[in-house]
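Marked as active site, proton acceptor by Swiss-Prot: ASP141. According to Swiss-Prot, the ATP binding site annotation covers VAL26, GLY27, MET28, GLY29, ALA30, PHE31, GLY32, LEU33, VAL34, LYS49, on the basis of sequence analysis. As annotated by Swiss-Prot, domain 'Protein kinase' applies to 20-299, with the evidence given as sequence analysis. Taken from Swiss-Prot, the feature phosphothreonine covers THR171, and the record attributes it to similarity to another entry. Swiss-Prot lists TYR173 with the feature phosphotyrosine, giving similarity to another entry as the kind of evidence.
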Amino acid sequence: MAEFVRAQIFGTTFEITSRYTDLQPVGMGAFGLVCSAKDQLTGQPVAVKKIMKPFSTPVLSKRTYRELKLLKHLRHENIISLSDIFISPLEDIYFVTELLGTDLHRLLTSRPLEKQFIQYFLYQILRGLKYVHSAGVVHRDLKPSNILINENCDLKICDFGLARIQDPQMTGYVSTRYYRAPEIMLTWQKYDVEVDIWSAACIFAEMLEGKPLFPGKDHVNQFSIITELLGTPPDDVIRGICSENTLRFVKSLPKRERQPLANKFKNADPDAIDLLERMLVFDSKKRIRAGEALAHEYLAPYHDPTDEPEAQEKFDWSFNDADLPVDTWKIMMYSEILDFHNIEQANEGEVLVEGAGTAPQGFA
C-alpha cells in the first residue's frame with residue numbers, strides 16, 4: 001500500500017504518494033490544479049495534475065475517464081505522456097506527466113519568435129496532430145496554453161479532457177473562442193479533425209504577429225472579425241448551417257471579399273503565407289490536412305516523412321455514448337489504472353526518443 005502525504009496548495013489539499021516531493025503550483029484549470037514536483041524514483045521533475053472531485057457527477061466521471069483513456073492510448077513525442085496515475089484516499093485522481101518548462105502562451109507574451117522557432121513549433125504541432133487524427137481523435141481545444149515547450153524546444157500538446165471521436169455529427173461548443181473553427185460557431189455539429197487545423201492556423205498566425213488573429217469579444221463579434229479577413233463564407237458553407245438564428249445572422253452580415261493574407265502579414269515569409277492560406281479556409285473539407293501541411297515547403301527544414309508516424313490503431317470510443325452512474329465509472333477507472341500500472345511494469349526500460357528534427361539553436 002502506497003504511503004500518502006498531504007500538502008495545502010492554494011487552499012487545495014494535495015494528497016499524493018511519498019514518491020513525489022517539493023510541490024509547487026504551476027497552473028489552475030477549470031477541472032484541476034497542476035503542481036510541479038520531484039519524482040524520488042527517477043530524480044526527474046514532473047507535473048502532477050489533481051482532478052477535482054472526479055466522482056461528484058456522472059459527467060465529471062466520464063470526462064476524467066475519457067482523459068485517462070486518451071493519455072494511455074496516445075503515445076507520441078509531441079503528445080504529453082502519462083508516467084503515473086493514482087487515486088488518493090480522499091478519492092481524488094492524480095495524473096503525473098513529464099514537466100516542461102513553459103507553454104506557448106507564456107512564450108508569446110514574453111518575446112517575439114524568430115522564423116526558425118515558428119517553423120519548428122508549427123512542425124511539431126502538426127506532427128502531433130497527424131498522429132492524434134490518425135487515431136480517430138479530435139483535440140477540440142487547441143490553444144497556446146495547451147502547447148508545452150521545454151528548453152530544448154521540444155513541444156508537446158496537452159489537455160485532452162475535451163477531445164472527442166471523429167464524428168460527422170459532433171455537437172457542442174467547446175474550444176477557447178479565439179481559436180475556434182467557424183464550423184463550430186456556424187453549425188454546432190458536423191465537424192471533424194479540420195477544427196484542429198483551424199486552431200493550429202490561428203496559433204501559427206499568432207506566432208507570426210505576436211497577438212491573437214481573431215480576438216472576438218463574443219461569438220458574434222468573433223465571426224464578424226473572421227469574415228473581415230476571409231470574406232463572406234461560400235454558399236455551400238452557408239447551406240450547411242443548421243440553426244435558423246445562425247443562418248439569419250450570417251445572411252445579415254455585409255458581403256465581404258477575402259483579403260490577401262500578405263497584406264496583413266507584411267513581414268512574413270511567402271511560404272508561411274501560402275501555408276496559412278491553405279489552413280485558414282472556411283470550407284473545412286478544403287482545409288489542408290496535418291500530413292499534407294507537414295510536407296509544405298515552409299516546413300521543409302524539419303519535414304521527414306519517415307519520422308512522422310501515425311497511430312498503430314484507432315482509439316476505442318465504445319464508452320463514449322454510455323450514460324452510466326458514478327459507481328460504474330469509478331470501477332472502470334480503477335480497472336484502467338490497474339491496467340496502466342501492469343503495462344508500465346511490462347514496458348520498463350522502453351523510452352521514447354525526445355524531440356522531432358533538430359531544434360534551432362539559441363533558444364533560452
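Positions of Cβ are set from backbone N, Cα and C atoms, glycine also.
From a predicted model like this one, the values you see are computed outputs, not experimental measurements.
Structure coloured by features recorded in Swiss-Prot.
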residue	record	Cβ within 10 Å
VAL26	ATP binding site	17
MET28	ATP binding site	12
GLY32	ATP binding site	23
VAL34	ATP binding site	19
ASP141	active site, proton acceptor	20
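In the predicted model, the domain 'Protein kinase' (20-299) shows an average pLDDT of 88. Across the structure, VAL26 (ATP binding site) and the residue listed as 'active site, proton acceptor' place their CA atoms 20 angstrom apart.
It is 16 Å from the Cα atom of the residue listed as 'active site, proton acceptor' to that of GLY32 (ATP binding site).
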